[in-house]
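As given in TrEMBL:
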{"type": "REGION", "residues": "497-523", "note": "region 'Disordered'"}
{"type": "REPEAT", "residues": "142-172", "note": "repeat 'PPR'"}
{"type": "REPEAT", "residues": "177-211", "note": "repeat 'PPR'"}
{"type": "REPEAT", "residues": "246-280", "note": "repeat 'PPR'"}
{"type": "REPEAT", "residues": "281-315", "note": "repeat 'PPR'"}
{"type": "REPEAT", "residues": "316-350", "note": "repeat 'PPR'"}
{"type": "REPEAT", "residues": "351-385", "note": "repeat 'PPR'"}
{"type": "REPEAT", "residues": "420-454", "note": "repeat 'PPR'"}
{"type": "REPEAT", "residues": "455-489", "note": "repeat 'PPR'"}
Amino acid sequence: MGGKNKIEILFQLQSALSRRRISSLVDFRRVFPPETPNHKNNITLSRFHFLGTHFLHSLGAPDKFPNRFNDDKDKQSALDVHNIIKHHRGSSPEEIKRILDKCGIDLTEELVLEVVNRNRSDWKPAYILSQLVVKQSVHLSSSMLYNEILDVLGKMRRFEEFHQVFDEMSKRDGFVNEKTYEVLLNRYAAAHKVDEAVGVFERRKEFGIDDDLVAFHGLLMWLCRYKHVEFAETLFCSRRREFGCDIKAMNMILNGWCVLGNVHEAKRFWKDIIASKCRPDVVSYGTMINALTKKGKLGKAMELYRAMWDTRRNPDVKICNNVIDALCFKKRIPEALEVFREISEKGPDPNVVTYNSLLKHLCKIRRTEKVWELVEEMELKGGSCSPNDVTFSYLLKYSQRSKDVDIVLERMAKNKCEMTSDLYNLMFRLYVQWDKEEKVREIWSEMERSGLGPDQRTYTIRIHGLHTKGKIGEALSYFQEMMSKGMVPEPRTEMLLNQNKTKPRVEDKMLRSNLTSEESESD
């Protein structure tokens, strides 16, 4: 590469990086705003996945509106209301009401809910709409709208407005329900307002909701979810006479200590469970085993695992998978295979996660024969053992030649496993490493056709691959293309490009001088 051309490329790199610093300040959502925000899939079932232990809890099924908000006129009305509130944020509710009346817009329950869901990260529209609902006497068929408004206000920590809306909601008979209770607990606990969360539990009877053990479980769960485990344990002990010895509540607290990574407190509470009238169940053992393996205390974890079998508290497949993965991680593959053999013979039945845990580590140590033996076994069993995209990602990741990739793709087709962006990027990385330019371009085109890319990872792999081969100009071209699509480059990519700025600033001045001279000549 000529000296002058190289300086020009480096100058372009500097300019690109400068533009990157400016454009990174722009919210990504402003670059690609969603055409129609979709909140139909909002999850109302609280799901906690702490250290492999799943705690599911639903405090009330959400109300559902009939599917009446579909035609273009309704959607346009929602957009109009959204824009009016957006441009009149500082106006009073009365002023906004007058504007809506002039536009001929009548607020309905469905319309207001749609607008609230368009602004879930902005408290002001939700609060304004709550006031308009009262002023325009909008008919509400359920508490769903109020619950959504409360959720937005609580999420944004606007508790003064939160309390005002809740007080207004409380005036309507039967509107405060289990879903409301869940929202209140969630938002108070998230804001570390533990006294307020307990206060909500204490006032359940005022709202006409039963004060029962399930509600108490909800309180403990939210407190532990937001790391108030010590408070939750103290509360549990103070209520033990009222609710008795309850293993589910104790499991939540045990799990809370484990999530905090405080194995010392987890062990102490485990001893409390053993000493109590409650017998530890499968969840108790699973929680403790998971915590111990995460801390590298595999010996203690295996003791508990064996104790489960000895006391006839047979572990479930999640616990077995955790043990197998932990053994493999410690390179104790023979022991992992022995555990796998045991559960294959006496249960619980292994699933695809079990096989994938083994395949991940067997592929890593190049136990090819055993790998394909397990894959064939998965195909033979089918059902919950059928190979999935994770299975094939491990097979692809440790492929050593193009022929290996072709074999994996054939098995994918045989098992009707569809391509994912992860799998495309794995193959793309391999072909870049192997310098198979034709295959690289082929996969790039296929990703574009399928709509699964190219994404930020694909561009990163491409840029770094080209840089390694000294094709800095082409790498810059892909970098600029990535930036034009609103993708944020990884810091290592920026560092890589910055490494090319090795020439003294004098050369920059010379380059600018040359460019100025050329412009003068062209004039």
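Quick reminder: no glycine exception, Cβ is built from N, Cα and C everywhere.
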Residue counts in helix (H, G, I), strand (E, B) and coil for the repeat 'PPR' (142-172), per DSSP?
24 helix, 0 strand, 7 coil
Across the repeat 'PPR' (316-350), what does the pLDDT come to on average, as a whole number?
96
The repeat 'PPR' (351-385), counted residue by residue under DSSP: helix, strand, coil:
30 helix, 0 strand, 5 coil
Within the repeat 'PPR' (455-489), how many residues are helix, strand or coil going by DSSP?
26 helix, 0 strand, 9 coil
